[in-house]
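Engineer: The domain 'C6H2-type' annotation in TrEMBL covers 21-73. The feature protein binding site is assigned by TrEMBL to His231, His330. TrEMBL lists Asp248, Asp259, Glu387 with the feature Zn(2+) 3 binding site. Per TrEMBL, the feature Zn(2+) 4 binding site maps to Asp259, His323, Glu356, Glu387.
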Amino acid sequence: MVTATANGTSASTTARVIDSGIPCANCGKPASRSNTCKLCQDQNIVSLFCTPDCYRSNYKTHKKLHTPAAQGNYTFPPGTVDPFAGRYRYTGPLRAVYPKEPVPTRTVPESIPRPEYVNNGEAAFYFPEIASIRGSGATRGRSFAEEIANRTERYGRILSKKEIEGMREVCRLGREVLDIAASKIAPGVTTLDIDAVVHEECMKRNAYPSPLGYHRFPRSVCTSVNEVICHGIPDARPLEDGDIVNLDVTLYYNGFHGDLNGTYPVGTKVSDEKLRLMKTARKCLDEAIRLVKPGVQYKDLGNTIEAIAKKDGFSVNHTYGGHGINNLFHCTPNISHYAGNKNIGVMKVGQCFTIEPMICVGQQKEDHWPDVWTAVTVDGKSSAQFEETMVVTETGVEVLTAAPGWTLPEPDTEIVPL
């Protein structure tokens, strides 16, 4: 699960967005400050172009964004509804598909220890409540321990050998749960079905699903389909042949969190572009892992990650990043995935953290559904992500969430960090 980094917060004005260097909505070249689509601006859509000619040459296709039909014609399964219909303009074809009948909160036996934030209010709630999360229950799910640590541990805590062993155990369990959940992905399966699998597998291992109740997140796993960058809430939409879906799993076990995710194809009709996107996202993570060792500056990871993404014709989301993890779900150090970031700190033996770059086909900027959590690309194009939890060792790095038998692939000698 990702965290929004302090220096990666999204721009609040169009001018600042233009300055962020996002690509042309038509050809992918760097967009110009002056070439914006006024109609898109009026409809809260970010569309920038490299030249007026590029804008005009693509206008016949581009103008379809200005009509409701461009938002997709989705046939909702019986017994489902879009809770945001009429009050949110989707950036792409994906829709929130909520069951009309409330889905009860998934229960966790009292015998399973909970993270401290679960005790700061209710763990989760019925689906009808999700549409009105904003502004309600301000203290529910807040981790006061994280808030304190982020003020007092600026550079990331160094774990003891015993703590690292605890991290190994929870990360091993997390990998088991992710692999089982991923095996259930198929056309017709809903992300609520996958959420049920994740929850059940956590219970079998006497582990708490860390997302459940964290800042009022209502489910046990994040499921991000197609244009969802991260933090998608499982719902009743059946997965379709040709989709891609990210499963972001975190377990809390014996006092520690283990966090990992992967993006998977659905069915056999996944486009070449989406397959390339997933391959690049994994490569970005692997090459960043290769850099991890004592003495490396955290900010340097983004230079390599963005170089790979750009070389393959993709972009890197700036807002969300990796994070420290231990007995806390999210803490320092902050890990931005883009070049030129201002992350502070140097890697030290015993520090645990995640790397989890979010790679986008088009623009890197995100919008949010009214549920507050679901982050989507502003242009409705696909995004993919992979994540591992790791610890810095004397000789380099140990990937705690690695799949059985996993090793780093051969290095790409053509990568030139930005």
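Heads up, the Cβ atoms here are built off N, Cα and C, so glycines get one too.
Predicted automatically and left uncurated, TrEMBL annotations should be read as such.
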Engineer: Take every residue in the domain 'C6H2-type' (21-73), average their pLDDT values, and give the whole-number result.
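Structural biologist: When the pLDDT values over the domain 'C6H2-type' (21-73) are averaged, the result is 68.
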Engineer: Near the Zn(2+) 4 site, what residues other than Asp259, His323, Glu356, Glu387 in the same chain have a C-beta no further than 8 Å from the centroid of the listed C-beta atoms?
Structural biologist: Met1, Val2, Thr3, Asp248, Leu260, Asn261, Gly322, Ile325, Phe353, Thr354, Ile355, Glu388, Thr389
Engineer: Tell me which of the binding-site residues Asp248, Asp259, His323, Glu356, Glu387 ends up closest to His231 (protein binding site) in space, Cα to Cα.
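Structural biologist: Result for His231 (protein binding site): the nearest of the binding-site residues is Asp248.
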Engineer: Measure from the CA atom of His323 (Zn(2+) 4 binding site) to the CA atom of His330 (protein binding site) and give the result in Å, rounded to a whole number.
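Structural biologist: Cα to Cα, His330 (protein binding site) and His323 (Zn(2+) 4 binding site) are separated by 6 Å.
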Engineer: What is the separation, in Å, between the Cα atoms of Glu387 (Zn(2+) 3 binding site) and Glu356 (Zn(2+) 4 binding site)?
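Structural biologist: The Cα atom of Glu387 (Zn(2+) 3 binding site) is 4 Å away from the Cα atom of Glu356 (Zn(2+) 4 binding site).
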Engineer: Measuring Cα to Cα, how far is Asp259 (Zn(2+) 3 binding site) from Glu356 (Zn(2+) 4 binding site) in Å?
Structural biologist: 10
Engineer: How many Å lie between the Cα of Glu356 (Zn(2+) 4 binding site) and the Cα of Asp248 (Zn(2+) 3 binding site)?
Structural biologist: 10
Engineer: Quick check: which same-chain residues outside Asp248, Asp259, Glu387 lie with their CB within 8 A of the centre of the Zn(2+) 3 site CB atoms?
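Structural biologist: The surrounding set, listed in chain order, is Met1, Val2, Cys222, Val249, Thr250, Leu260, Asn261, Thr354, Glu356, Thr389.
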Engineer: Hey, what's the Cβ neighbour count for Asp259 (Zn(2+) 3 binding site) at 10 Å?
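Structural biologist: For Asp259 (Zn(2+) 3 binding site), the 10 Å Cβ neighbour count is 29.
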